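Participant: Dumping the structure here so I can ask a few things about it.
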Amino acid sequence: MNNLTLFLLSANLLILLGHVAGSKVLQIRGIPIAKSSLYPSDRDFQCLDGSLIIPFSHVNDNYCDCADGSDEPGTPACTNGSFYCENSGHKPRYIPSTWVNDGVCDCCDTSDEYSSGKECPNNCNELGKEARLEQQKAEELIREGNKIRMEMIAKGKQLKTDYQARLVKLRAEYEEAELVKKEKELLKTQAEERESAALEKYKQTEPEQSTAEEGEEEEELRESDAEDYFKLLDSDNSGTVTIAELQVRVTFDKDRDGAVSEEEALFFLNDQKEVDLQEFVTSAWTNVKPFLMLEQGMFKPADQREEGEDEEEEEAQEPIEEKSEQEKGEDDGAEGEDRADDEQKKTEESQVQYDEETQALIDEATVARENFQTAEKSVNELLTEIRKFEEKLDRDFGVDNEFAPLDGECFEYTNLEYIYTLCMFSKTTQRSKSGGSDIILGHWNDWNGPDGQKYSRMKYDNGLSCWNGPARSTVVNLSCGRENKLVSVTEPSRCEYAMEFSTPAVCNLSQDSANAHDEL
Ligand code: MAN
């Protein structure tokens, strides 16, 4: 044993006692070296909260003096103190000082069990190695994910440019289509004027019910039907019918794909997010009615209508409303009045023999009406497309548009009971494995991650109302992964769903490696 070894051993002994005579700054047990200056040995000790001054010899004397426990960092005397383990070879760590000498090995460098008699192995090196390997793996994941993230950013940027170009083109097409529509409208008006003038002479000779009266009756029927149906659709009695209120009704699933998309709902609401009663009656009803009739079995081929037509017409004035299964059964075959009227008129019209010239004008007006309708339809379709791309351009796809390539992509997750889907920036759904239709768990709302991590969490809300509860909603937590994948879905509280989604889009090298280095 040489002098140096002897010196080190004795110094070590004195450090453990917590005091070396003559030195001003000592290493105090339970304190990192960096904080030793808070414990100067040549003067009285002031508790770190400033509450009391005690002789330095009372530090680590196994008696708690300071309210904040700062005088006993290396003994279990204070219940609120903390003990620092150096854990050389692994990560340093603070443990509650009450764990010191409690017979349980907490610090991998054994330093917390210095007088309990417990024999602790020093396994910092092995643990450190494992931790470093884990760390390497995590960094590797972030590096690889980050590469894909860069690709997503490039793709996102390209998509936004494409959307912009598409929008320019659509707007030009729209301008053109508007002109065509105006032209077709004019042609229609002119043709209809010629047609009505020609039909005038036939009206005087036809001993039919006054068309004016008929029109009025129809108008009344139309309005009361529309009002009844408005009340039915306005499920929250808010005085307006909204997209969400249409989305829970299969009637409006135009393309029969099992869900009422926002576009579909907008079609019925004349491209508005919500309509009040008056707007509903005057504009939206025209769009809604045919689909409602289709659903209620009112459209029927002409050849099925031959018998019992009169009875059908007598019942024709009933307002449309949701009927019980029984009623529906009873009414079967007695619905479809409006359609029936149309059909009948057509039959009557075709029974009347017009002179050649009048017939030609009728045909001309019919073609003009059809042309106008086609032109109007293409204007509306273009408007819908324009809105769609405007929305896409406005949407927040992340700081670098890294989430843009995920727009509209759907991901599935199946557990024992349900199949869940997450359609990015659109909606989340749930379908029972035993069948039934999709339940909407939320529509895209916004990013809602905590401060500085906005893009780590998505919020989808305003889903199907929970029975006796709120509308269903979903929170989607995003974590770094090599692929885009819906990893799990839970329902932490009734009708509130949590989805875990892994994506390279959040593998941000600079952020995560900075955090990781802080820890080690
Ligand atoms: C359905 C599902 C469940 C939900 C209940 C609430 O069964 O949507 O997730 O908890 O309705 O009644």
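Yeah, the Cβs are placed from backbone N, Cα and C, and that goes for glycine too.
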Participant: If TrEMBL is the reference, give me the range from 197-225, 429-457 marked as region 'Disordered'.
Facilitator: 197-225
Participant: Counting each residue once, how many in the domain 'MRH' (408-509) are helix, strand and coil under DSSP?
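Facilitator: Secondary-structure breakdown of the domain 'MRH' (408-509): 7 helix, 58 strand, 37 coil.
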Participant: Within the coiled coil (124-194), what mean pLDDT does the predicted structure show?
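Facilitator: Summing pLDDT over the coiled coil (124-194) and dividing by its length gives 96.
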Participant: Could you break down the residues of the domain 'EF-hand' (221-256) into DSSP helix, strand and coil, giving a count for each?
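Facilitator: Split into helix, strand and coil, the domain 'EF-hand' (221-256) gives 21 helix, 3 strand, 12 coil.
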